[in-house]
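Chemist: Following this message is one structure expressed as structure tokens.
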Amino acid sequence: MAESELQLVAQRIRSFPDFPIPGVLFRDISPLLKDPASFRASIRLLASHLKSTHGGKIDYIAGLDSRGFLFGPSLAQELGLGCVLIRKRGKLPGPTVSASYALEYGKAELEIQKDALEPGQKVVVVDDLLATGGTMCAACELLGQLQAEVVECVSLVELTSLKGREKLGSVPFFSLLQYE
């Protein structure tokens, strides 16, 4: 990984204590999105990892609603791939499949269009941040319903203390930046 590019990305992540509730340290990617050089570096670094790990053996990038949409299409473009969207319930037209996941106070659902992928296609799931792993795990379940193969999940930021990586089980996971 190009250390100077990684430093450029890391410098554009800000921390806000006690947001959105007391005791939470929020990692804000807004400065990264505002700076074209940093954003470009984040995409290049993720793409470089995927190329070296999987070569040309990825068919699609799947972006998670909503901030995965910021990275998914750009990453797909960098790799010369298409991007499919995994949305929150009720946001996609046509036939869909869904998977639910737990939130702190209740549950939520993700959906993907039934015709988004063919069985056996190889997919990388991307989001901005991995916390508890609930959303990413639900995305993997959805892709499994379509008989797609999740070859890896990636994110810009990983909050290691929340152990989301463990929830993914045997699915490989990669993040550019790790914080407690």
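Cβ coordinates come from backbone N, Cα and C, glycine included.
Copied straight from Swiss-Prot:
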MOD_RES   Ala2  N-acetylalanine
MOD_RES   Ser4  phosphoserine
MOD_RES   Ser15  phosphoserine
MOD_RES   Ser30  phosphoserine
MOD_RES   Tyr60  phosphotyrosine
MOD_RES   Ser66  phosphoserine
MOD_RES   Lys114  N6-acetyllysine
MOD_RES   Thr135  phosphothreonine
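Tell me about the setting of these features in this model.
Modeler: The DSSP secondary structure for Ala2 (N-acetylalanine) is coil.
Long-range Cβ contacts of Ser4 (phosphoserine) within its own chain (separation 6+, distance under 8 Å) are none.
Neighbour density for Ser15 (phosphoserine): within 10 A of its CB lie 10 other CB atoms from the protein chains shown.
The Cβ of Ser30 (phosphoserine) lies under 8 Å from the Cβ of Arg14, each on the same chain and at least six residues away in sequence. In three-state terms derived from DSSP, Ser30 (phosphoserine) belongs to a helical segment.
Its own atom aside, the Cβ of Tyr60 (phosphotyrosine) has 22 Cβ atoms within 10 angstroms in the protein chains shown. For the recorded site, Tyr60 (phosphotyrosine), the DSSP three-state label reads strand.
Ser66 (phosphoserine): 13 other CB atoms within 10 A of its CB, across all protein chains.
Non-local contacts of Lys114 (N6-acetyllysine) by the CB criterion (under 8 A, 6+ apart in sequence, same chain) comprise Gly94, Pro95, Thr96, Val97, Leu146.
In the three-state DSSP classification, Thr135 (phosphothreonine) falls within a helix.
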Chemist: So among the modified residues Ala2, Thr135, who's got the most Cβ atoms within 10 Å?
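Modeler: When each Cβ's neighbours within 10 Å are tallied, Thr135 tops the list.
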Chemist: Cα of Thr135 (phosphothreonine) to Cα of Ser66 (phosphoserine): how many Å, rounded?
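Modeler: Cα-Cα distance, Thr135 (phosphothreonine) to Ser66 (phosphoserine): 11 Å.
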